[in-house]
Amino acid sequence: MAKLAVLTLLALLGSVACQTGGYGYGGGSPTPPITYPQPSYGPPAAGGLKVGYYDYKCPGAEDVVRKVVGYKDAGVKAGLVRLFFHDCFVQGCDASVLLDPTPANAEPEKVGIPNLSLRGFEVIDKAKAALEARCPGVVSCADIVAFAGRDASYFLSGRAIDFDVPAGRYDGRVSLKNETIPNLPPPFADVDRLKQMFAAKGLDAVDMVALSGAHSIGRSQCSSFADRVPPSGTTTSDMDANLAASLQRQCTTPSDTVAQDAVTPDALDNQYYKNVMSRQVLFRSDAALMTAADTMGLVRASAYFPGWWNAKFAEAMVKMGAVANLISKQF
């Protein structure tokens, strides 16, 4: 009984690391409410989150996160952008993607197939530890994930993309592997399915195309686009022939990885859209953006006007960050 009481107390109070506690709080988050709103798949929560939320609660909190992110290499930074997306699309932006397996929950989101290649967990924990030393029990892991996604975008874009991140999220209590595949857009999705999956989160086609630009950074396993790469010596693919030939050489096993954007692999920029237009993209979901008039127009606008895309990407990141949150202001 004593051991059970200790475990219950730890689940409620959390710990310094964001990855502990299968169903409990990720660590050091604001004191959880007694009751919780049910996760929503509708429009983003309007209000509740606030820019400068920690200005008085934990001055300099966002600077701490930016400093930690700034020291990481481009691959880890790309992983942080992806981590934010994967967190928000399953149970909302509540840091539930961080939770490790426990005896109480052996299969959290982290072990879902789409999440097995996620990176950046150690960055979140390092930032959390620094913030716990400064302001114990104040800054939630969910807000750290959001700040880190913004800061990674800032560095990878050469400081061209920067935006205020509304904060005030609670860390989620529920993390389930079986919710990852139904909620995370797969690399083989057609444009109608993409629109439906983004619309379910309150995000429109403009947001969808803007956020797809994150495929200008990071790497992908060859298994994710094997359906688009023809067997060696053949050319039966809608992919650019030179790219297909290069991938045939690089992908000797399904677990091999390649840059998602071979032109500017470490830069978050509008090169992705030029690649889409020239059929030099990896995923079927990328190529699908040219199959509908509205998304095709957005691709072209993003390719021709980089400043416009920078602004739309920033707007979409903020909008995504408000999806189905547990918002402290509500309680």
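The backbone N, Cα and C atoms fix where each Cβ goes, and this holds for glycine too.
These numbers come from a predicted model, not from an experiment.
Its Cβ taken as reference, E109 (Ca(2+) 1 binding site) is surrounded by 27 other Cβ atoms within 10 Å in the chains shown. Summarising the annotation, TrEMBL assigns Ca(2+) 1 binding site to D87, V90, G92, D94, S96, E109.
Annotation source TrEMBL lists substrate binding site at P185.
Positions annotated as heme b binding site by TrEMBL: H215. Taking Cβ-Cβ distances under 8 Å and a sequence separation of 6 or more, the neighbours of H215 (heme b binding site) in its chain are Q260, D261, Y272, V281, L282, F283, D286.
Summarising the annotation, TrEMBL assigns Ca(2+) 2 binding site to D261, T264, D269. The Cβ neighbour count for D261 (Ca(2+) 2 binding site), using a 10 Å radius and every protein chain shown, is 23.
Residues within less than 8 Å, Cβ to Cβ, of C58 (disulfide bond) and separated from it by at least 6 positions along the same chain comprise L131, R134, C135, V138, V139. Residues or ranges marked as disulfide bond in TrEMBL: C58-C135 (among others).
Neighbour density for C88 (disulfide bond): within 10 A of its CB lie 28 other CB atoms from the protein chains shown. According to TrEMBL, the disulfide bond annotation covers C88-C93 (among others).
The feature disulfide bond is assigned by TrEMBL to C222-C251 (among others). Counting every protein chain shown, the number of other Cβ atoms lying within 10 Å of the Cβ of C222 (disulfide bond) is 19.
The domain 'Plant heme peroxidase family profile' annotation in TrEMBL covers 48-331. Each residue in the domain 'Plant heme peroxidase family profile' (48-331) has a pLDDT score, and their mean in this model is 94.
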Separation of alpha carbons, D269 (Ca(2+) 2 binding site) and C88 (disulfide bond) (Å): 22
Integer Cα-Cα distance in angstrom, C251 (disulfide bond) to D87 (Ca(2+) 1 binding site): 29
Cβ contacts of T264 (Ca(2+) 2 binding site) (under 8 Å, same chain, 6 or more positions away): S216, Q271
